[in-house]
Amino acid sequence: MLRLEKRPSPSRFWQAATPILAVILTMIAGGIMFALLGKNPVEAIRTIFWDPLFDPQYAAYSRPQLLVKAGPLILIATGLSLGFRAGIWNIGAEGQYIMGAVFGAGVGLALYPVETRWIFPLMILAGIFGGWLWAMIPAILKTRFRTNEILVSLLLVYVAQYILAAMALGPMRNPEGGGFPGSRNLSQIPSMANPELIAGTGLHWGVVAAIGVVIAAYVLLQRHILGFQIKLAGQAPRAARFAGVSPERLVILCMGISGGLAGAAGLFEVTGPAGQISIDFNTGYGFTAIIVAFLGRLNPLGILLAGLLMALTYIGGELASFILGLPSAAIQAFQGMLLFFLLAVDLLTNFRIRFGSKKEAI
Amino acid sequence: MLGDINPAVLIASLMVASVPIILAAIGELVVEKAGVLNLGVEGMMIMGAICGFVTAVATGNPYLGFLGGAVGAAALSLVFGFLTQFMLSNQVATGLALTLFGQGLSSLIGQGYNGVKPPLTGTVPLGPLADIPVLGRILFDHDWVVYFSVASIAAVWAVLKYTRVGLILRAVGESHDAAHALGYKVIRIRILAIMFGGAMAGIGGAYVSLIRVPQWTDGITAGAGWIALAIVVFASWKPWRVLLGAYLFGGITVLQLNLQAAGAAIPAHYLSMAPYLITILVLVVMSSGKGRASLNAPAALGQNFHASR
Amino acid sequence: MQRRSILKGGAALGFATMMGGKLAFAQGLEKVKAGFVYVGPIGDGGWTFQHDQGRLAMMEALGDKVETVFQENVPEGADAERVLTQMALSGCNIIFTTSFGYMDATNAVAAKFPDIKFEHATGYKRDTPNVSTYNARFYEGRAVMGTIAGLMTKSNKIGYIGSFPIPEVIQGINSSYIHAKKVNPDVTISVVWAYTWFDPAKEADAAKALIEQDVDVILQHTDSTAPLAEAAKTPGVIGFGQASDMAEYKPSPRVSAIIDNWAPYYTERVQALLDGTYAQKDTWAGIGGGEVKIGDITDAVPADVKAKAEAVRDSIASGAYHPFTGPLNKQDGSAWLKEGEVADDGTLAGMMFYVEGVTGDIPS
């Protein structure tokens, strides 16, 4: 009989090997699906995983695009992972991302057409503030009234979406846009734009911020007392309390950091790649980031890789979609499979699989 | 303006509008009562919508269609069950991945079903009852799923409250370790609960594609699964409050459209936010009471179980 | 919010036509690779589905001289620009971007690939010579539907399910009302805003709410069949197909339909590229150009009503009649068009006012 036995500490070998195993399993299962759809599975898998990186026709453009797509995912996921480690579940990053964009764009648009250098930094601050504010609602309700933060943060996503729609149709509507919903294109206004910093690299301020945040989070978790408290609170809440960790303070801090970073991601998107406030501005980065955080095993460097892998499946999926005529739904299902496998094989990191009877264990 | 709206009809419409979210929410309530948080309701609903549609078209029988929807969505929920219960994956992440996968798969299955009209489901013939003024329109002029949705709430309520099955389910959701120590098969019970949740979400989805619209188009459930999740919370895990919550959420939409049709100018977006804000308010009021007990949330919600001994 | 609509400034139209000949390619192409970017899934049964039908019809017409690639479900904004660039890199000669929200992305990518032609549906920006825009005069179809609605209603109440308060939809509401009123002076119109292009459940509720207010003819500017399914439940209520034919609800409640037909335009543009006669332009065609098709008027409509509707259709198609012809006043009673005066395209493209007789305010 198969049996699971908890490892005393997570296996280093499997921590590195499981993602590779998951990708291989996904290639097999996905290949079967593509074959069923009448496509050449090898070609499809190659187009998704290889072409964006190495194909001579596309790679020069697609490779930097990985950063553009992964940037917001990494920025949000890194923030979320701190809370997740401490057992604080902010799943409303999508809402905080929206509010960051709304606040940031609001400040910028209010100042239009002033052209000075300090507008963009001001917008970043406003974006961080918007995301932080939206995360503070569940945080304060949690600390004051013990209200479940999973649910409140999720509910606030819907509210944020309605606010976004109201803004795009109302106060932020471009007066020169012929009555169509949507704001001015911020990426075309020099003082508000978040452009590509070095041509051909995909680097914009959001990507720079994401890389900075990954490093900061790594240092925080390894060296700083707060990182220690976060890890302790997640693993042994009672011990944390005895060690003088204030759970309330931790909730406020973790929610605040994750909200602020999600807000920043929203601001960098709305001023850069997305360009404007519109009803469909949010495309699910906040939710995808939750998955990225778990794929990265809540570890900053892992998240960096997971974000890039996720971006690769998006971009490779796009290529496969139009080169091979794969339905976009097949790509969606393929991504779902990849996530399933990645989540499933994580078991091997924390558990040993044993054959035999029940008694011999620990 | 308000005088132009016939309340009987308004109530009848909101009863119909709420059916998919009631079904999905009551299923999710059972899942959460067992201590499992499955955020993949939207994915399961849309699988139910397409599987139900395909079955109904293939067999020509709408009742079999609902069965097909339930089976299809339950099968999808089994993926979630396997991953979270056996592979101990994180429930939040797995649920989100389930929605992604369900949306993709449903669209693949649905290719070739655009523009097909499914067999019709009629209203339940209640004869003269339907002709009673006011009450007849509200209560006796619906298809069978409307009655089924209310009955399912009554059934879940009764089972949770009065039966041994309900007791075990709640025990598992409160403390899996204690339940395990008492000899209950925690994993098996949770898997069954997850499948029940899947089947109910599937019937809810099939209601959209077979009765509400009735047609198959990609993305047909349009976010109903997410609302169902909110309603479980609003209901504070109490079955009858699911009905109340669903009528509140469904009712606001129906009401604002009716107000517009009657010529009233209303701020639609701000009105649409209201149910979510009310839900948060309800949560706060409940949780600020006498600690966890009054919140009524299953204590082990979202935690995975592994029997170490 | 996705896609669509509006065309700004009729002046640009004249400019493009004037410059047309000079910007033409001297030389044709042996074979054309055409790319299509879609905002929804092909299976949406509405907007994207119709664009894809246009693509297929174009392939049918041009045979092995054309090869196409397409991509579904491309979100507007950041992802659009990448998808467009990748398509350009793949060697497309011409790329059609089929949603309003692709406007800025289309122009940005077009600037980087001057040798590739870009065609943007429903937009108004043509920043570089290789960007053309195209749109359809859906309000012409609404005039025909409005005529049927005015003649068919028994309660003298017609309803309109609006998606978003944007000029294209306002044009549709005004055109429907003007032509219903023309044949039935007692008619009134109720407008319900659904704030979505596609949400079957909400559309069904909107239809139900209208029927409850005694409305017996429903015009929809949203893409699902749900309003028709709802209308089917109440005897005597009729509606119209939107975007696609929605023939499965024939003969009633669907008594006719307003169909987006992009096939002639796609065929014409790719053919021009093959012939070497391609030139930048701004197209806003309607029934006459074949972009707006009136779906078969069923027998649920009496013969004389059908004849009147067809007469309106034919006079618009021939150019003899413009749906916005004076005398017309704005909602507040101020004069808009004098007797015999015809609305100019610039005003129509930015239309954010109701005509006299429509009740309620446009939400802002």
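Glycine is no exception: its Cβ is also placed from the backbone N, Cα and C atoms.
Features reported for this protein in TrEMBL:
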type	residues	note
TRANSMEM	A:12-37	transmembrane segment
TRANSMEM	A:66-84	transmembrane segment
TRANSMEM	A:96-112	transmembrane segment
TRANSMEM	A:118-141	transmembrane segment
TRANSMEM	A:150-170	transmembrane segment
TRANSMEM	A:202-221	transmembrane segment
TRANSMEM	A:250-268	transmembrane segment
TRANSMEM	A:274-296	transmembrane segment
TRANSMEM	A:303-324	transmembrane segment
TRANSMEM	A:330-349	transmembrane segment
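Beyond the transmembrane segment (A:118-141), the same-chain residues lying 6 or more positions past its ends with a Cβ under 8 Å from any Cβ of the stretch are 90, 92, 95-97, 99-108, 111, 147, 149, 152-153, 156, 160, 191-194, 205, 251-252, 255-256, 258-268, 271. The recorded stretches the transmembrane segment (A:303-324) and the transmembrane segment (A:66-84) share 3+ CB pairs below 8 A when only pairs 6 or more apart in sequence are counted, and are therefore in contact. Residues 89-96, 98-99, 101-102, 106, 134-135, 137-138, 141-142, 181-183, 277-279, 281-282, 286 of the same chain lie 6+ residues outside the transmembrane segment (A:150-170) yet bring a C-beta within less than 8 angstroms of a C-beta in it. In terms of C-beta pairs under 8 Å, the stretch of A:96-112, A:202-221, A:274-296, A:330-349 lying closest in packing to the transmembrane segment (A:12-37) is A:330-349.
Beyond the transmembrane segment (A:250-268), the same-chain residues lying 6 or more positions past its ends with a Cβ under 8 Å from any Cβ of the stretch are 71-72, 75-76, 78-80, 82-83, 86, 88, 90, 93-94, 96-105, 123-124, 126-136, 138-140, 142-143, 149, 194, 204-206, 209-210, 213, 226, 229-230, 233, 282, 285-286, 289. Residues 72, 76, 90, 119-120, 122-124, 126-135, 157, 160-161, 163-164, 167, 172, 183-184, 186, 189, 191-192, 258-259, 262-267, 269-271, 274, 276-277, 281-282, 285-286 of the same chain, all 6+ positions outside the transmembrane segment (A:96-112), place their C-beta atoms under 8 angstroms from a C-beta of that stretch.
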